[in-house]
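J.: Okay, these came from TrEMBL:
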TRANSMEM  36-54  transmembrane segment
TRANSMEM  61-79  transmembrane segment
TRANSMEM  99-120  transmembrane segment
TRANSMEM  125-145  transmembrane segment
TRANSMEM  176-193  transmembrane segment
DOMAIN    273-328  domain 'PAS'
DOMAIN    348-400  domain 'PAC'
DOMAIN    431-564  domain 'GGDEF'
Amino acid sequence: MITDELKEPIAYDSHVDDHAQKVSAKQVLLLFQQTTPAFSATLFNALMLVLVLWEHTSKKLLITWLIAVCLLTFIRLLFVKAYFRKKPSMDATEIWGKLFTAGVFLSGMLWGTAGGLFFIEDDAIYQLFLALILAGMMAGAVSSLSSYQSAYLFFAIPTILPYSYRAYLHGGNAHIAIAITAILFLCVLWVMSRQLHHIITDSLQLRFNNTNLLSHLIEIRNQQQIANQQLQAQVKEREQAEKALQQANDQLEQRVKERTKALIQSNHVLQQEKELFSVTLASIGDAVITTDASGKITYLNPAAELLTGWHNNNATSMPLHKVFQTEDVDMQQSVIGIPNHTIETYSKNPECTLVRKDKQTATINYSIAPIHDDEQNVHGTVLAFRDVTKQRNLAEKLAHQAAHDGLTGLLNRKEFESRLEKTLKSAHKNNVHTLLYLDLDQFKVVNDTCGHSAGDQLLVQIAALLQSKLRSRDTLARLGGDEFGIILEHCSQADAIQIAKTLRETVQDFRYQWQNKHFTIGVSIGLFPISQSGESLSKVLSEADSACYLAKESGRNCIHVYLPDDRGLVKRKREMQWFPRIQKAIREERLCLYFQPIMATHKDKWDKHGEILLRLRNEQGELVSPGAFLPSAERYNQMLIIDRWVVQQSFNFIKAEQQIKGIYAINLSAQALGSGDFLDFVVNNIKAHIKNPSSICFEVTENAALADLKSVILFVTTLKQLGCRFSMDDFGSDLSSFGYLRDIPIDYLKIDGRLVKDMTTDPIDLEMVQVIQNIGRIMGLETIAEWVENADTAQLLKEM
């Protein structure tokens, strides 16, 4: 028997498919293991190429190409890390290899783009340098890509063909020869790559064949050892057989006694186990139902009695589906079938609804398993289930909270954006939607006057008011603060405008009462028509927000419809474009100050009097007036940063000029005047650096003063105590400012230049200037006139 086994031929063919799969997987692994030097060489060569060609071709193209190479290399690196992290099975390695080849092809395309774009027509040295870089990339790829079939070609062909084509188009025997040489070089490298691929493949095949052969030889050796052990056991068994037969008669009676005793003990143990089983089932929290082989109930534990509403005595011998009635948890009409017969394997089922005997329902999950006897025959089933109603309700509550605003109960911004994205995809010429962006007017007044509780209650009532005026298919959400968003699906622009008017009038007519206080609020609405697919979510929300902003700028409680060529939107976008430019200018220290003298109409005690003005140098080094960039800085809350810089630099200038007796005027924004931190900053710097604070005159615009009078008075009073002076800039632009003039302890009035400019020809402007001059004289204030552009104007001012 042993001899016959050894003579059987060794079968290798059964491992051929397994070997091929292992070889393929190993080839893919080698491909991924070679990426570190390959990626490093790619980045190094790309950087060298950009540095060498920096002064000889478009820098914008070079930077764009280098960024593309770095980005692709980074993505491929993440892909390689994902491969080693996931450790894919042999069946999946082929897909990974193809995806890697796709990345190789994209890399080749980028290098080919370099060969086409950076071919410098009139400089052979840089042409040869470019050819050397590309040839080096192709040669280096032979070692890193040859393990996987066709990977090298996917890199080399797109790498060299654009360069060869450009060389051929250049004309001349030398360039044509270069093009042909490049193609021949590609062919030679391809042959080398194929040979290397075959060497790697053969080496891996031999490796796996030797491994299987060794395993087979070890298996045969083990079989021989087992056979020898069996023969030894047979010999020993025969030697003991006679002895055993002799003892058989003596042992027979003893065995009968022992088996009788064991049977009694087994019955006792069985009774104990049955009692333990009954007590356990009665005590556990899960409900349990057992059935016989025909699917009829044999037992319900107390938990099952409680959940189903059936008593064990009544349910026994009933079909399982009569007692355990279930429905789909979402589709109440669809009944889930419970097998009426025994099952062969364990199964765990999803959540479903259990219908009790009294028709009450509970959400459960359950599992069912077969009961086997000693011969593995199924003679019943065990059904275990538990009540998960509370867990499901909690999950539904959490899901609702994740998609809804906790205060108003409306959808939140995240869910709103998700629905808006779906709406954008469905939009086309005949399926128009509209987005409304709402911002409450005067909401801050309610918050500041009555507190946040009043503001929250107002938002709840406004949300209910808006919802009542919308159609059932419309989507209303709170986007944050006092901002709301509405998606009007299948709604033309004309219908959307009517709906927006209804909402505006509804909010306008609403009277909010809080603790005997009554408030009237409004709403500004930006309307953005969605008539074509492909619009990005960020753009749509941004344009709608801009339209809402223009509605507020138009006087609040207005509706503004978005138009692509809207001048207001263009201005808003221009302000938005200035925002990053301002930040960059601050970082690059391109802000600068200029000193504009203020000329006295009569001799005074000051050697030097002037205003410190802010300017910005753009990227080309040209000066930009503050009127171009300060509106954006005010809009996006950059003025505090700018004002801090202006004050710091001005104080440095004044400190250097302290030996000269002078007054230096510094302009401040409304944001600075309302900031307590900024006031502390100014006070600390004056105490640290300025010996004579009376040389500093802060200029406050009339509009800034009226915007937050209380903060302005605090600011002025605090610095006046240190000796600083103050000037009211652009005075006379608003007649209401005359009423606030006595409340602010200023030293100078700067008359609005629009009144001064035409005072020689306009008697009304002349009289206005005279009135302001008289008021200043009565209040003991000096007046300063702006926009004095000719001698006649200067003479009139002297005569006053």
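Backbone N, Cα and C atoms are what each Cβ position is placed from, and that goes for glycine too.
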J.: Flag the pair the transmembrane segment (36-54) / the transmembrane segment (176-193) as in contact if three or more Cβ pairs fall under 8 Å (sequence separation 6 or more).
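T.: Contact absent: fewer than 3 Cβ pairs fall under 8 Å.
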J.: Over the domain 'PAC' (348-400), what is the model's mean pLDDT?
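T.: That region's mean pLDDT is 82.
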J.: Go ahead and report the DSSP secondary structure tallies for the domain 'PAS' (273-328): helix first, then strand, then coil.
T.: 26 helix, 16 strand, 14 coil
J.: What does DSSP give as the helix, strand and coil breakdown of the domain 'GGDEF' (431-564)?
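T.: In the domain 'GGDEF' (431-564), the DSSP-based counts are 59 helix, 42 strand, 33 coil.
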J.: Please report, as numbers and ranges, the same-chain residues at least 6 past the borders of the transmembrane segment (61-79) whose CB is under 8 Å from any CB of it.
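T.: Hits for the transmembrane segment (61-79): 35, 39, 42-43, 46-47, 50, 53-54, 99-100, 103, 106-107, 110, 113-114, 117-118.
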